[in-house]
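What Swiss-Prot lists as active site, proton acceptor is ASP722, and the listing cites sequence analysis. As annotated by Swiss-Prot, coiled coil applies to 467-533, with the evidence given as sequence analysis. The compositional bias 'Low complexity' feature in Swiss-Prot is assigned to 82-91, 141-150, 356-397, 472-489, 677-691. The annotation compositional bias 'Basic residues' is assigned in Swiss-Prot to 490-503. If you look up Swiss-Prot, you'll see 509-518 marked as compositional bias 'Acidic residues'. Look at Swiss-Prot and you will find 667-676 tagged as compositional bias 'Polar residues'. Feature annotation from Swiss-Prot assigns N-linked glycosylation site to ASN228, ASN398; the stated evidence is sequence analysis. Sequence annotations record features per position, and here Swiss-Prot assigns region 'Disordered' to 70-91, 137-157, 352-427, 472-518, 667-692.
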Amino acid sequence: MTFSKTRNKIIFLLFLIIINIFNINAYIKDENEDDLSLLISTLDGNIYSFNYESGELNWDLKPNGGDSLYSTSQFDRKQQQSTSTSTEITKSSPSILIPTLDGSGLLFQYSNDRLHQVPFSLQELVNTSPLFLKELEDKSSTSSTSTTSESSKDENKVTMFIGNKKTSITVVDSQTGEIIKSMSKDGLWLTDEDDCPVNIIPDEALMFTRSDYQIIALDPKSGVEKWNLSVGEYIPHSTKSFYNSEISLNFEGLIEVASLSQRMYKIYIKKPEKTVVGISHNYWEHILTSSPVSIYAYSSKKHILKKLDFHRKVSPYSNSLIPVASTDLMIPSNFDRTFMFDDYYGQLFIVSPPSNNNNNNNNNNNNNNNNNNNNNNNNNNNNNNNNNNKNNNNNNKNESDKSNLTPLTPYDPSKPNGANNNNNNNNDLLDSNKLKNYDIYLYSSIVILITSIIVFIRSKKNFNLINVNNNNNQNNNQNSNQNNNINNKKTPKKKKKKQKNKNNKNNNDEDDENEIENYNDNQNDLIDEFISTNSVIQQQQQQQQQLINSSNKINNGSGKIILDNGNVKIGKLEIITNKILGTGSCGTIVYEGKMEGRKVAVKRMLSQFVKFADREVSILIHSDEHTNVVRYYAKEEDDEFIYLAISFCQKSLDMYVQQTLSLQISPTDSPSIQSSNNNGNGNNGNNNNNNQIIIDNKTKQMILELFKGLEHLHSLNIVHRDIKPHNVLIDPNNRVKISDMGLGKLLDNDDQSLTFTSDSHGWQPAEYLNGTNRNTKKVDIFSLGCVVYYLLTGAHPFGHRYNREKNVLKGKFDIDQIKHLPDIHQLVHSMIQFEPEKRPDIGECINHPFFWEVHKKLSFLVAASDYLEFEKPTSPLNLEIDSHVDLVTDGSGDWWLKIDQVLIDNIGRYRKYNGKSIRDLLRVIRNKFNHYRDLSPEEQTCLGILPDGFFNYFDLKFPQLFIVTYLFILKNLKNDQYFVQYYY
């Protein structure tokens, strides 16, 4: 009876708890049903309002025509000066000014591969206009000012800055997005009403103020404009004074913006689980046509109007929009870049300056009361603040930044709930006090529920145990004695040292205790073994160090000291003679060594080749600051040899490839040469071989690093002339480095070719071998193309060792092993052309689509389809691209034969497509991409997820389609404004 009553009470308690939890969920759901929305302003001047819970678009508008928030003439001027790639454009002189678009107004000057922060913000330049500044020096980040009456010797370098600020106002209905009233930048209201806007707008209205800061750089002598730059920002305001909420907000969700292409940005909103109780989906996403600049949370019911932080995800190749040279080449391979760049139709801007990378969001949250109160003051009195002097601006700059802006912090996907690297969250959209009560109530209920279940199970177990071991109508004393008898039974695993607590535990407790004791004993044994092993290792290290320190040094009279351990000490270098890293021509040997405690590679060369060593040292000094060129540390010499201390590398590229071939490492470890028994291309028809080369990201990165290293040498007018697998090294961080520039030569400014013969044959082009003295930078392009093919296949494109030179002179090569990889096949094919003028330069190699991300390739195909759509079907362009239909369809001549039936049933439903037209195939890709969300689940499953799965579907069906389209646009429309972003 006792157990029955207890069980009934527990069941009743569980019933109450379950009802209570449902009430909590309903309460939270009711609280979440509000008008919370996200206000997003984009770089093209648009404003969007999304419902925070559902992700539905409430409205979008273009105030004042939707002019872009950023424009500059700097990059147009540079494109006129150079027709090279975008990387080369930014390198050319003079320097350029790059703004940040986070509202801080910070400006950075890019000059000679360096970024310097300008000591004046954009607002300060406008407020102090006119301003006379000297151009920044190459190695300095400071600028000096002068008045109009000053004159100096560097008068030609002085630039006059004229600035102005224009403000416009747009009053919007926050529910519908309808523009109620607006004021232009000239101060004119664009409605017929004469009332003050505060008197005519409803309570639910929002007022967007747009401030545009423009600076114009002029030549003070001639008055000619050098360039101009304009940056604007939208700031929303509410007409309700109580929107300055004093509640500290803690947004634990994630707002992430991913750059898909120049015209496509995906905004991803992930909401925290506790704010969406009972809802299966806690995230949503949208594609925007321009980069988001600011995001605000707005709710009229909760009186929220707060600027939110969001994380940006930029492709690694997007960071190469502007090269920033490293000042320390010994950095780890997984370092994070300080700056994140993006561009708007070729105009660079910074989305994440270093000042925002380490900010702590807790400061923003903890000081929210004061900051919120200061927000409207700063915004409403912006014009008054602009009239302050320069000193006041400098003193108040940090405070205003903190009050108006939440910092952009890099997103770490390894941390839960989108927390940033500082373990801090963004601003919350819920009342933290209410949320705290929800948590306490919910968590306490769960704890009670779990505790009740445990009590119920243990009570039932004890009750059954008593029934088995007692007769009916036994009294409490008998029950107690019986329980003691059961507990006094010993188990085989019971240990004696727990005897004193034996009577207070049942058999199950004893088993658990034994397992814990056995586990602890095993852990103690492992710890003892580790301590013992560690002591032995430390003892061996101490003995080795004592042996080195106490060794008797023998001086052989030539500046060389032989240590007792057999190592050779010469100058600052210690050479480990029994560790040979490699050998070279002319008696060259590379040893492992040490220099001032740093592990280095020591290259020993015969003194008679000192001329080559001096040339190599000179080139290494010039290329000292690049991660993909071997770094020079020191040079020592004795009577016989010259010793060069260079970056320590574990192996050469030749050793790497040979080890991969001999070991046949698994696909996860072997990045370049692998077998594939399943080509996974369906009816593709192009990859039918069982053994095919597979290229993963590691191999692609190695090839890119090779190109980057050569790009650095060529930027210094250095021609290597001896690029081969033996002269490409791999360091402990798996970075590729170009070495052995002993045969290189530094070209003079007016000298574009050189005449010098090398003993390394088989990797040089025909013009080098036949002695025509046309050895320009294209020599290195040819050699690098051969090295890339060797990295991928382990073979040489011009055949076996003894036939290579003959085949090179004939222009006879075979690269069919990578024919199933059209991108890299076309790149290598162009690099090893017989005629030097047909080979690309190193900038074109780096910008080749082989290195493009999937989303960029997909964007390119869509752009090509957009352009060809406006051409007549019989136009020369459409006729030319359609002539490649046999190549694209692998000889079938009709792309309909390769499309899956589920797509065929849908494609022909709306319009007719010609299976013999490449233009129509591109149209299919464009339409399916633009209407992907409208496709049926079967079609989405067939095509795969955007963008990777979608692109791979068509790439596997038509592996030649992309490269054919790329070469077609390259030939006919390369300089068209529609495609210039892809080629420069």
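The chain as shown is numbered from 1 upward.
Heads up, the Cβ atoms here are built off N, Cα and C, so glycines get one too.
Averaged across the coiled coil (467-533), the predicted model reaches a pLDDT of 46.
Geometry remark: the residue listed as 'active site, proton acceptor' versus ASN228 (N-linked glycosylation site), CA distance 46 Å. A coil conformation is recorded for ASP722 (active site, proton acceptor) in the three-state DSSP classification, outside any helix or strand. According to its DSSP assignment, ASN228 (N-linked glycosylation site) is in a strand.
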